[in-house]
Every structure is written in structure tokens, then in C-alpha cells.
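What TrEMBL says about this one:
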type	residues	note
BINDING	C13, C49, C83	[4Fe-4S] cluster 1 binding site
BINDING	C159, C163, C166	[4Fe-4S] cluster 2 binding site
DOMAIN	4-122	domain 'MTTase N-terminal'
DOMAIN	145-375	domain 'Radical SAM core'
DOMAIN	378-440	domain 'TRAM'
Amino acid sequence: MTNKKYTIVTYGCQMNEHDSEKISWILETMGYKWTDNKEESDFIIYNTCLVRENAELKVYGQLGALKDLKRKNPDLILAVCGCMMQQEEARDIILSKYKHVDIIFGTGNIHKLPQLISRYHQINRTVVDIVEDNREIVEDIEANRKYSFKAFVNIMYGCNNFCTYCIVPYTRGREKSRKPENIIKEIEDLAKKGYKEITLLGQNVNSYGKTLGYDYSFANLLEDVNKIEGIARIRFMTSHPKDLSDELIQSIAKLDKVCEHLHLPVQSGSNKVLKEMNRKYTKGDYLTLIEKIKNAVPDIAISTDIIVGFPGETEEDFNETLDLIKKVRYDSAFTFLYSVRKGTIAAKMENQVPDEIKHERFQRLLDTLYPIFYEENLKYADKIVEVLVEEVSKNNENVLTGRTRHGKLIHFEGSKELIGNLVNVKVEKIKSFTLEGSII
Ligand code: 5AD
Ligand code: SF4
């Protein structure tokens, strides 16, 4: 195959971003080359998300817009994969209204893409391949990674928690941990290639190891990854508060490469809402955890996910969330308006919160969070921070951007040869979402 080009459009979380890096690797081993331009693509693939409604609607919009392109270029292959395709209803909509889509597959069978493409060529009509829950983890797909110095590494797949608002356990199946030796081997290979920062990915990394059949925890994994020469920074996402053990807190504190940043989604500060969400902790439990982690790692940066307007959320419940935010003093947060995800338990709850109340609370949530982000950033004024240089700023080619160990985005002047290196930067200016400084 010569000169075939592909485009991947990715929606959603880091898990999807990393899946797209794997799809890219598969397509490139088949001889395809990347292009940003859909007009010159021979293969366009949408890797979809179901967590937010607007991501879903965007996909339909984009697919509709591609009808013309497909008419002009009948050889163009159009594929849709990812979480949306795990849902029968979304598949049916594509099959009935977007008949120009050629290949549909799910989250558990990315490795089958070459077979699906040849099957499509054989039968010349839409190929659908979905596995509800992959029992075996497929190890032999590599990833064509976006960066050459920081990498996502899956440590587990799926989720067993069934938070009542969340579609992920239905789209990604039951929790399964990769074998530690496979993870370590992948990271050792990355270290040999010069990678410095690793983000360990899973829906609930704190429960890593439970499906292995022997005694090996996430804390053990962190210890083993910490030993890998060449790796300077270890991050991980996402931690569920119910599984954040004392052992893990101690590992975060003692392991030098584990960054001083914890993403610990709280979702709500109301005990009633937390119960309805099936989160299995109370506001008090969460605050105790925060106290423990701050005692163990005093300068730790804490980020979170918060949902506003979960069914039945009253003004009082919402005020509990605001109160919790003021107590924890987050460094950053992903904020969400609750949206009904069909198939989840919360979708059937009757006391849905009206949109205007959700929006009004959302604004108050941001008004509470933003000053705290700014005040927390003030701690870094005049400090010297270690930064992994990531890219040239989009607005100014003399300015570089990177991240500190605490996960703070920082801008500073420098030449692009520094990308991928660790540098020391003196912080000179503080904003709510970024820092500015100079290399020293
Ligand atoms: N509505 C709003 N936010 C949601 N999230 C997951 N499902 C929903 C939903 N139905 C948010 C949660 C989760 C993050 C990844 O997305 O906060 O932690
Ligand atoms: Fe969804 Fe809860 Fe699992 Fe996270 S822990 S993926 S929010 S069900």
C-alpha cells in the first residue's frame, strides 16, 4: 500500500487519547501516513466518548458533514469506534442515519482493525464488530505516541464501581489489571527511548492488582516503576477516594519520582448525593483522606472532578459542595453539569434538576473555585520549580510551555531545542490557571 493517508479525531478522556495512539500505530504499520486534512484522507476514524452529551452530538454533526466527501471519494473508508459504539442505541443511529460509515468497532477490539478493514474490502458494506467485555488483555499493540518524552501507559482497563451517573462500566467492561511485568517492560522500553515522564492510566488505579490472582497492589507497582532508570516523573490517573489506602499514601510520600499531585475526584460534597451516586464515601471520609495526604506530602497539589445538578441535588446539598471546596482548597478541577447518560441508574431518577438551576450553580461553583486556584498558585511566587518542557506556546514562538511536578502549566522564554528536557524555572508571575517565569 502506498501513499494512503489517515486522520483520527479523538473525543474524551486520556484513555481515549491513548487508544487513538494505538490506532495510529496500527494504521502506520499498515502503511498509512498521518494527515490533518480530511479532504486528502483515505481513512478517517472517529474515536468517540459518551461521558458528555456534547461530544456525542458533535460526532453526529461531523459524520453528517462527511457525506459529501464520501460521495466525492468513494474509496474513502470512514470508521467510528470508542465508547459511543459500545452502546446499541448509538450504533443503531449510525447504521440507520449515517449509512456512509463503513466500519464500527468498540473499545475492546482495537487490535482487530486490520481484519476489519480487509473484511470491509471483501463485503463492501458496513462492518460492525463489538465485544461487550474483553476477558483477555491484548498485549501486542504498540502506540504511536504524540510526545517523545512523556507517555501514557495503561495499567488496567474497565471499572467495577458503577457510580450511578457514569456510563464507563457499561462501555469499558469489568476491571482488569495488566500484569506488572508487561507494564514494567513497556516503561523500561520507553525509558530506553528517552521518555522521562509516565502517566499510569486506569479508571481506578488505586484498586490495581485485584484481578491478578496474587498479592500485588498499586503501591507495589509504583515502587517497581520508581526503580526504572531514566524515568524522572511518575503520574497516575484516576484515583477513587474509597480505595486510597494508607499504604498508597506512604508510597506517594516516599517515592522520589512520584509527582506531588493527586487527582482525587470528589463529585459532590453532600453525603446524600454521594450516597445516591454510589461513591461509597462521605464528605467526612474525603476530608480525612485529604488531611492524611497533606500530612504525608505537605506541598501536594490536589485536583478533582465535580458534578453539579445530580438528580435530587438541593441548594443545601450544593452548599455542602462549596463548603468542601473551601476546606480542601483545590489546585484545579474539572467541572461538569450533570447530564443524563442512557442506561445508567441516575438516568431513571425522577428528580432531575432543571437546566437553569444547574447553570446557575455551575457559575457559583466556578466563582468559588477560581479565587482558590489563584491563591494556591501564590505559594509558588519566587520559587524555583522543575519543569518538563513540552512545547512552543501557541501565541508566541519564543515562549515555551511545560509542567511542574505539581502539574502546574508554566510559560517562560526559551528555545525549542529544550523541548523534552527538565529545566529549572523561577516563578515570576501568578495567574489562576498558569504560572510565568524565567529559566535559571
Ligand atoms: N454527567 C456529568 N458528568 C459526568 N462525569 C461522568 N459521567 C457524568 C455525567 N453523566 C464526570 C465525572 C467523572 C468525569 C470523568 O466525568 O466527574 O469523574
Ligand atoms: Fe465512572 Fe465511577 Fe468508574 Fe470513575 S469510578 S469510571 S466515575 S463508574
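Going from the start of the chain as shown, residues are counted 1 onward.
Including glycine, each Cβ sits where the backbone N, Cα and C put it.
Bear in mind that TrEMBL entries carry predicted annotations, made automatically and left uncurated.
Fair warning: this is a prediction, and the values are worked out from it, not measured in the lab.
Overlay of TrEMBL annotations on the structure.
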residue : record                          : Cβ neighbours (10 Å)
C13     : [4Fe-4S] cluster 1 binding site : 18
C49     : [4Fe-4S] cluster 1 binding site : 22
C83     : [4Fe-4S] cluster 1 binding site : 27
C159    : [4Fe-4S] cluster 2 binding site : 22
C163    : [4Fe-4S] cluster 2 binding site : 21
C166    : [4Fe-4S] cluster 2 binding site : 22
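Rounded to a whole number, the distance between the Cα atoms of C13 ([4Fe-4S] cluster 1 binding site) and C163 ([4Fe-4S] cluster 2 binding site) is 17 Å. C13 ([4Fe-4S] cluster 1 binding site) is 13 Å away from C166 ([4Fe-4S] cluster 2 binding site) when you measure Cα to Cα. For the pair formed by C159 ([4Fe-4S] cluster 2 binding site) and C13 ([4Fe-4S] cluster 1 binding site), distance between Cα atoms is given as 14 Å, rounded to the nearest Å.
A Cβ distance below 6 Å to any atom of ligand 1 is met, among the binding-site residues C83, C159, C163, C166, by C166. The [4Fe-4S] cluster 2 site, placed at the center of the C-beta atoms of C159, C163, C166, has further neighbours from the same chain whose C-beta lies within 8 angstroms: N161, F162, Y165, I167, V168, P169, Q203. Among the binding-site residues C13, C159, C163, C166, the residues whose Cβ sits under 6 Å from any atom of ligand 2 are C159, C163, C166. Look at C83 ([4Fe-4S] cluster 1 binding site): DSSP puts it in a helix. For the domain 'MTTase N-terminal' (4-122), the model's pLDDT averages out at 93.
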